[in-house]
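Working notes, structure below.
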Amino acid sequence: MAFMEKLISHYNVLLKQYNDLIVNAFDDKDFFEYTENLFTAHSCGIEGNSFSVNDTRELNEKGLNAILHNKSLLEAFEILDHFKAYEFAFSNISQPLTESFIKELHSVLTFNTLKFTKNSEPGEYTTTDMAAGDTLFGDHKQNIALIPKLLEQTQLTMDKGELHPMLISAKFHYHFIYLHPFRDGNGRLGRLLSNFILAKKQHPLVIIRSEEREKYIEALKASKRHRDTAPIETFFFETAIYRMTHEIAQKKNLTQNFFLKLKPTQENEEKKTKSEINKRQEIKNRGRIK
């Protein structure tokens with residue numbers, strides 16, 4: 001069996017366990033919020049936002065009434081915009097991938113942050129060529145012209161149902177990132193759309209941890225170097241497998257530790273009771289001797 005086939009098989013087996021032990025055991029609203037906080041913190045963290053998962057959860061619960069220690073207002077608005085975009089996307093899960101949809105999603109995602117970027121408008125494509133780090137993204141007009149085709153082909157592939165959803169998500173992500181159609185927010189939007197694709201097929205979100213940023217970028221670059229999406233596909237599968245494995249283990253360990261802590265207490269109580277019985281018996285025996 002080829003490497004990718006083994007990876008897919010491992011993922012599929014784990015997915016069933018994850019759905020049984022985690023997804024189906026949660027209240028839908030609670031799991032939605034848990035995933036929203038986790039995904040938002042890490043996706044924004046990849047772009048340099050300093051909010052931790054706990055900071056993000058507090059902001060989600062309290063809004064700008066949350067006490068922000070050493071956090072900028074711009075970072076807070078970036079997180080708040082991401083919440084709104086996440087909720088907009090997943091409340092429109094039956095929506096097909098179209099230009100109007102991704103533009104509206106981008107508008108929500110960058111509503112309070114893009115206004116600080118010169119010559120930029122939320123929901124509108126870039127009017128200049130783009131670069132990030134050591135990567136040039138090519139002629140912006142040519143890239144933007146390819147977006148409708150990418151969306152149409154991705155939607156068609158989803159509708160056919162012949163390709164694994166994770167492969168569709170990863171392939172789309174690679175092409176979208178390198179087309180880089182917006183002035184800002186392409187990474188956050190790309191990760192959101194990739195998870196939108198997965199959610200359409202009832203798969204859990206791929207949450208790329210902020211500490212995996214370099215590995216994530218290298219997977220994208222390797223795919224570009226080799227003109228082959230296998231590196232980013234592998235990264236997506238491995239990231240998803242890590243999340244499911246970690247959360248399943250976390251749940252099992254907490255349950256086991258709870259019972260392990262109870263067990264010594266029960267044993268101690270039994271020993272204590274037995275000791276008291278022995279002492280009472282000794283006292284009785286002494287009384288008989290006298």
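Backbone N, Cα and C atoms are what each Cβ position is placed from, and that goes for glycine too.
Note that the coordinates shown come from a computational prediction; the quantities given were computed from them, not determined experimentally.
The annotation site 'Important for autoinhibition of adenylyltransferase activity' is assigned in TrEMBL to Glu47. Take the CB of Glu47 (site 'Important for autoinhibition of adenylyltransferase activity') and look out to 10 A: across all protein chains shown you find 16 other CB atoms.
Among the features that TrEMBL reports, domain 'Fido' is placed at 97-238. Per-residue pLDDT, averaged across the domain 'Fido' (97-238), gives 96.
Taken from TrEMBL, the feature active site covers His180. DSSP assigns His180 (active site) to coil, not to a helix or a strand.
Positions annotated as region 'Disordered' by TrEMBL: 266-290.
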**Asked** Taking the Cβ of His180 (active site) as reference, which residues of that chain separated by at least 6 in sequence fall under 8 Å from it?
**Response** Thr126, Met130, Ala132, Phe137, His140, Asn143, Asn186
**Fill in**
Grouping DSSP H, G, I as helix and E, B as strand, the residues of the domain 'Fido' (97-238) number 91 helix, 6 strand, 45 coil
